[in-house]
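Trainee: Sending over a structure as structure tokens; questions will come in a sec.
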């Protein structure tokens, strides 16, 4: 029996060898290798053919070896599933599944589906039973067919909406019921439910059944904190809905969330929409509905309250943005219903006081006034309260009665600019006799002050209750003021002056913070026609706080400057600059007539204190604690900054003067001088830092410049190769994640140009095309075969050791398109552990489905029996096919394995396990992953290695040179060969066979073995010839059916011989594949062509027993190839 098995083992090698010889014959001589065929020849057929050959080799593995492999798989699964304690990845995955699975399906597994068709029933009889409480003899009255489950509110609501009560069981049965029970009533519970949820005008209407809410409730969370109840409801939009932002862009609404917060007397609701751009996918515009508005309908009855949210939608293809004038929307007088004028009533409430709206005007003649109104000028009094401190009225104003403010000669109601203190004084006229006939309507003026701004009150018109003589005095005062009083002006950033017509101040108090906002109303200065001597420019506003006892007074002072002084200052400035000269040293002390000093004095001090400035500096400053002053200076600058290399900085100064302290902060920009270096590529960076310690103002400036050309520098984007040890994981991980495979040559590894390659054509296109993800590709493959996906659910796919891709997908109606992913996330976890956690649920359907893809691309469906809820969930209880699929999901596998959770019609969770073949990817250079490359090498995936390998250019001189070729003389190239050992494993052989070597760029070549002895080119050619002879010898042995003698005896299973035969067959397949895929330049010297490492390995393989005399393996050498040459792909 053992002999028969050993005779059958080499059989696949013979057939594969024969097919390979027929399709790709060996050259007659090693000197004349044919040119490689084009890439199009190696299509998917070739890849499937190689995969089928590997499967056939696996079938003919020795039974003992196959049994050992199955035991190793079972041990791996037992090791993963052995610990009962959940890991961090398990908790994260199960939480993700809990959040994205329907919450209403958890814990209620016997509830029928929401859209399950419900057959009709006798609703009237059922309602009567509920009202009377009689449930006897109910079996004979119930129909024998399928009845809806008890308490199905949705089914009862649908029946009440579509059918009348007397027609639910037919007219005859309704008549008999009425005869037996004259006082037949309806379903009170259902009717009340209808009245609470539906408006009265919609009850019983048939079109209501066709209305579908665009929102579908997925989860509801209620939080109760004290008397505040917060409800968060998560909806999903079906069908597709969109929303339009303020800019007109339309976004798809993926999910909607509504937060309701309800307390004692406050109830608020907020809608949150999760959106994505509408152009990111292709959808039919007729299927998209744009949400135009959300309205809330509330209905109140004596004991019933109803609230309904209504979404007003519009089809996307029906939107026509048309600009319509406002005149088209004017209301027609015929459509205005007769009734109270709401706008007029609203205007009255906004403008009139409450006591005038209660009918006080009609009863004014009957009710005597409560208090006699004292005549007075309300405008002057209000002006006094806004401008004068409270302590100024103690000696001038009488308590109890307001005195009328009169005008003295040459004075008006405006301020006078006095040079002594800069304040405005308006004395009160106490000698004006009171006139009993003059009365002021306080309520009217109060209404005016509450509703109208101060500048809009008619100042030129005489008051209706004022005196005629007083009005004449006001006009004369205004005329005299127009010729003598100065005009205040402000200067903008452009240097232009504007006359001030009104000044208003807003004060904002929030907690302990007070803010002031000044607004100036101006007009052009040239329209006034005034002389410069009567124009004062407002330079700053000073806020002065005076505390006297318990009363605090705030005084705002406008500091002005005559316009003529500004012109003199501008004329003196260039004269002073010319007098200094460019070479003269700057004066240490400010001289008389220094423009900068005078300007600083004008900006910080009022005019009345400039004469006493020097004396105040010599003497000790008198500090008054009860007075604080803070000045904001208006320092307009030109829009075009001065172009000069002078140093600009931040200036902070504190000057005590008299009873005030002024702080001035001048922030100016800092220009970057041009670099005078000749290189031009070294950047110059300036970093300015201002440090202000306690009690002292200092300025420090640090300038960091680029190093000189002769100094050593380490660029930020380069990595020194000498400082990196051999096998640095961080270095090569960075290379594989940031550089394309085609640029991983020795120069890029050395760190000269480690720059990320930009994709070609990205600048020409405005929006790049969206790439299909791996999860979407898997869903598309599963959806192509009917019977696999029948409901939306969760997709779990293994991406690598300890990584899972969880995706929530939505399955549209049949004919509406393919499924799409609503949410996708990459989490940590093991697929077998998650499967075991899912199988512990009580609502899992025991009848599962296993989907496997064959070599032809067809999906094979097999039923899968899952353990029940009561089973412990051991490895032995699972299906063998499921065990093999879970074992593939543990490590790095080429095939895509995963699990699909979806809901059945009975509310159960159906599990579908799948294993798909890897699909063909583009040959364009792309960023690779270290895990993907390691998996391809370990598994022997020739197609993936070929798609990721580096292809040399046609010109051998332009190819990248390795580090070894740079250290040897230019006339030689060294190929390092690691011989095979008899204890080499299959994974190591696949690594050596699938690792091509870059072609040498020199004319001559030699082979250096690990023992350090070079081998000439002729022995290398002899080794290749002997390799062919060894292949022929093996072919003859397999054809004759006489295997070699086993050292263990003919009776024992020869495991060593089976391993050698399998190793030889795999090496043959890989050698043939590498020979065809290797590029050989036409017309070049055959000696200079690239020889794959596989050829030398085959020449040195001791399994053949023929070529051991030419090349001997070195004792103690490693069987695995070092990690550094693996990077030269």
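These residue numbers are counts, starting from 1, taken along the chain as shown.
Each residue, glycine too, has its Cβ placed from N, Cα and C.
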Trainee: If I look at Swiss-Prot, which residue among 353, 493, 973 would I find recorded as phosphoserine?
Mentor: 353
Trainee: Which residue, chosen from 205, 424, 723, is annotated phosphoserine in Swiss-Prot?
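Mentor: Out of 205, 424, 723, Swiss-Prot attaches the phosphoserine annotation to 205.
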Trainee: Out of 213, 531, which residue gets the phosphoserine annotation in Swiss-Prot?
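Mentor: Checked Swiss-Prot: the phosphoserine annotation sits on 213.
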Trainee: To which residue among 332, 1046 does Swiss-Prot attach the annotation phosphoserine?
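Mentor: The phosphoserine feature in Swiss-Prot corresponds to 332.
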Trainee: For which of 208, 965, 1078 does Swiss-Prot record the feature phosphoserine?
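Mentor: Checked Swiss-Prot: the phosphoserine annotation sits on 208.
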Trainee: I'm trying to understand the geometry here, so how far is the Cα atom of residue 353 (phosphoserine) from the Cα atom of residue 295 (phosphoserine), in Å to the nearest whole number?
Mentor: 34
Trainee: Which one of the modified residues (295, 353) has its C-beta surrounded by the most other C-beta atoms within 10 angstroms?
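Mentor: Neighbour-count leader: 353.
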Trainee: Tell me, roughly as an integer, the mean pLDDT over the repeat 'Xin 8' (340-355).
Mentor: 79
Trainee: Which secondary structure state does DSSP assign to residue 295 (phosphoserine), in the simple three-class scheme?
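Mentor: Once the DSSP labels are grouped into three classes, residue 295 (phosphoserine) ends up as strand.
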